[in-house]
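Participant: Let me give you the structure first, and then I'll get to my questions.
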Amino acid sequence: MHRASLICRLASPSRINAIRNASSGKSHISASTLVQHRNQSVAAAVKHEPFLNGSSSIYIEQMYEAWLQDPSSVHTSWDAYFRNVEAGAGPGQAFQAPPATAYAGALGVSPAAAQVTTSSAPATRLDTNASVQSISDHLKIQLLIRSYQTRGHNIADLDPLGINSADLDDTIPPELELSFYGLGERDLDREFLLPPTTFISEKKSLTLREILQRLKDIYCTSTGVEYMHLNNLEQQDWIRRRFEAPRVTELSHDQKKVLFKRLIRSTKFEEFLAKKWPSEKRFGLEGCEVLIPAMKQVIDSSSTLGVDSFVIGMPHRGRLNVLANVCRQPLATILSQFSTLEPADEGSGDVKYHLGVCIERLNRQSQKNVKIAVVANPSHLEAVDPVVMGKVRAEAFYAGDEKCDRTMAILLHGDAAFAGQGVVLETFNLDDLPSYTTHGAIHIVVNNQIGFTTDPRSSRSSPYCTDVGRVVGCPIFHVNVDDPEAVMHVCNVAADWRKTFKKDVIVDLVCYRRHGHNELDEPMFTQPLMYQRIKQTKTALEKYQEKILNEGVANEQYVKEELTKYGSILEDAYENAQKVTYVRNRDWLDSPWDDFFKKRDPLKLPSTGIEQENIEQIIGKFSQYPEGFNLHRGLERTLKGRQQMLKDNSLDWACGEALAFGSLLKEGIHVRLSGQDVQRGTFSHRHHVLHDQKVDQKIYNPLNDLSEGQGEYTVCNSSLSEYAVLGFELGYSMVDPNSLVIWEAQFGDFSNTAQCIIDQFISSGQSKWIRQSGLVMLLPHGYEGMGPEHSSARPERFLQMCNEDDEIDLEKIAFEGTFEAQQLHDTNWIVANCTTPANIYHLLRRQVTMPFRKPAVVFSPKSLLRHPMARSPVEDFQSGSNFQRVIPETGAPSQNPPDVKRVVFCTGKVYYDMVAARKHVGKENDVALVRVEQLSPFPYDLVQQECRKYQGAEILWAQEEHKNMGAWSFVQPRINSLLSIDGRATKYAGRLPSSSPATGNKFTHMQEQKEMMSKVFGVPKSKLEGFKA
């Protein structure tokens, strides 16, 4: 109950009834009158019961909720108070003094002054100074406890260097001072009843001194707990119990020994690397060595709770340590990365602190096998976050793990990047979305209180680097790394929280960086005082070693034996690493598909056509909806139109997509289509999810209703994010090659907000990390007068990143047999601009039937979705048909090649513009139009065929994009390498260079179109009067 609502219960019965009746429709009181009555009620109640004013009301609301659940859970005086409120007591009548029994002594009130009636009827108020004071004091204690729960983290001892305050504020919040409540030294030994919203003692009451000490021990030492921003009382109480309950954080001697051994591995590993390779960059973990025990504790606890697959995303710092001591990648394999060895595999490879791995091993605590994958990633901080989440979601999907009980993400962050990178919030925002949730990740922040050389006061505007987590309701646990036992407790709570509530949680390891940004960097230039202190600071291992020796947990001999044992392990691994003669990139696969490549001929491309009966059945289903389903009238016409297209043997783009998806689904292949508005389609062509017009949330997906045993079709509208969602779908595509995963941009122009994923992961992922992906990017593209932000998917950028040489030696290359398959095998990705429904159908099916996986960048159409010429006959989908890399001229010019004056190569929608213009200017016999449907790998063989067919013709490349954009700079050297043997060269016909992708003026757009057509057909612009593309 909100404060005003509760207070209104104290108003006169007539006002209460008026308000109740107004809200239930029994009265005609206007909204303004209702507000006036409410305000009067609040004022009257506060006047007679002053403890309802100010911040006290927040606590009273919580106590009222607790009382509704269990009246005995609150103080007897509050029980009587709430009973009287419920019974309709007016202002000044609800409060009663506490009873003489039970609590009178504790509250310092005489029994005579504390007599109270607890019947349900309103009682006469006993207005004694003692009773008012007792309840006032009681409330002050409750508010004091709440203040520590809310603000205690602000004064916690979090910085292991003792220099900074983790929240960038050295002041003490006034509400944590006794004087704020009118309390002082005189009250320290008075005993107070504990409220139901704390668990600091098993007793019902404590002295103020004891209360203060417990609160400081819990909230103000080496752990700072942020959780009062959660809007769920059950979650708040859950966290309180795990931090406030006495002795809850204590470890056994055996647990302390395990922690000590893990600290040895973490610390001595870095020291060993520093000794052997002092001038090598490795981005070590010195200053936050406790990260390794922390991660292992999260994995131990989560494994015990049922998780058996962990996907880790992390930056470069500490990566080698994680690979060695969390994943248990063989040490010799890691150490060999420091040697200058020849790679055994193709590809560029990557630096050692970017590499991923996938390991399966026994977890000793749970005695279960667990799989741990560290996802390879670039130096672009936080870019890996959504990739990890997508991989987790896919693993859970294929395992039938609907609630991610067995699959979990662990994301590591740096403090500056966590606060600074927008993709962090984009990724957080996916967490509760039905088709993207992974049901909670554990975030661990390596908070070394500096970003390269930037002070945190210059790198964030919020108090903590973790404040982004407050937006989505994460509990946040700040912990000083010099208290490893506190870190272990926090990690246990984090694992338990994720299991219980399936929500994200943040562990903020407040630490330092012992060296510079890397081992060769000099930090004293910019942080002299901090690094003077660091030089004087012992390692966490040294401090914890002293602690366990002082506590008698271990003796000197035990410590020495453990240190010697791990030192020997490192030296043996070093000796073995010297015997390694080459580096195997395949040792660092984060998503291995070993079974997929077995018994597959990498140079054999199966046919992608399907049987006629399948075509009819899929289109039939795609055109129907269930009986009793209230479909929009406009969609009824659309569905009938699909059936008619089948009868007319003329299928449109939506049917081509549906046939690709439906045929794969019937073969048991999982299809996932994701992006903004993909269910309907940005241009309202798809309608894969039908909505009942009368029943909210009632939907029908016809492609999920094709046949029994079919693959699942997931078509999901995404959040308005490109960066995180594309990264998510990339991670999803990495898990199972027997799937079709597609991301569609709302407009291709917007894909550049995901440029980091495109550049660092998709275009180069296989070369760097031997990681294949069949992800498809659909990027709506086409110049239709819609301005610079709704015209171009920037094809020039994607083509520039293709790994294909633009020169070809015709004497050494044979354009036959396996040429097409070899090109596909060798390329880093496929770039296409299809013009027919049949071709997009074949391209999508080919993504799954190929014996390997390659990303595909497809410049998809807008106006062609409904263009009457952009149709395909049924036979183009049938068995024996395949993707056409080049679609040759099939009209009159193809019948008389010697008469052809010009051959115009093009790609995409502009073809249909040129067909219309060719007819308009009467050039249908002497200008041949050839469509290049697949730009990369470039179809040298088929382009050569067309050039040879029209030996005497002039060769042009036409495009609607500006000269410095589009495919021109990509195709020119390639076509010329084919023509050079005949002494010919291709010419350009299109728009002039420009800084802007397109004009926003409709008139200018039409003039540019006519200018382009004038160049294409060699006619004056006057001949194009009246032409409309």
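Cβ coordinates come from backbone N, Cα and C, glycine included.
Quick paste from Swiss-Prot:
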BINDING   R317, D415, N448, I450, Q676  thiamine diphosphate binding site
BINDING   D415, N448, I450  Mg(2+) binding site
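A description of the local structural setting of each listed feature is requested, covering burial, neighbours and distances.
Facilitator: Note: I450 (thiamine diphosphate binding site) has non-local neighbours D415, A416, P456, R513, Q527, M530, i.e. same-chain residues 6+ apart with C-beta under 8 A of its own C-beta.
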Participant: Quick check: in three-state DSSP terms, what is N448 (thiamine diphosphate binding site)?
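Facilitator: Once the DSSP labels are grouped into three classes, N448 (thiamine diphosphate binding site) ends up as coil.
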Participant: Sort out the sequence-distant neighbours of N448 (thiamine diphosphate binding site) for me: same chain, 6+ apart, CB within less than 8 Å of its CB, listed by position.
Facilitator: G287, C288, G414, D415, C511, Y512, R513
Participant: Mind checking which of R317, D415, Q676 has the fewest other CB atoms within 10 A of its CB? They're the binding-site residues.
Facilitator: Q676
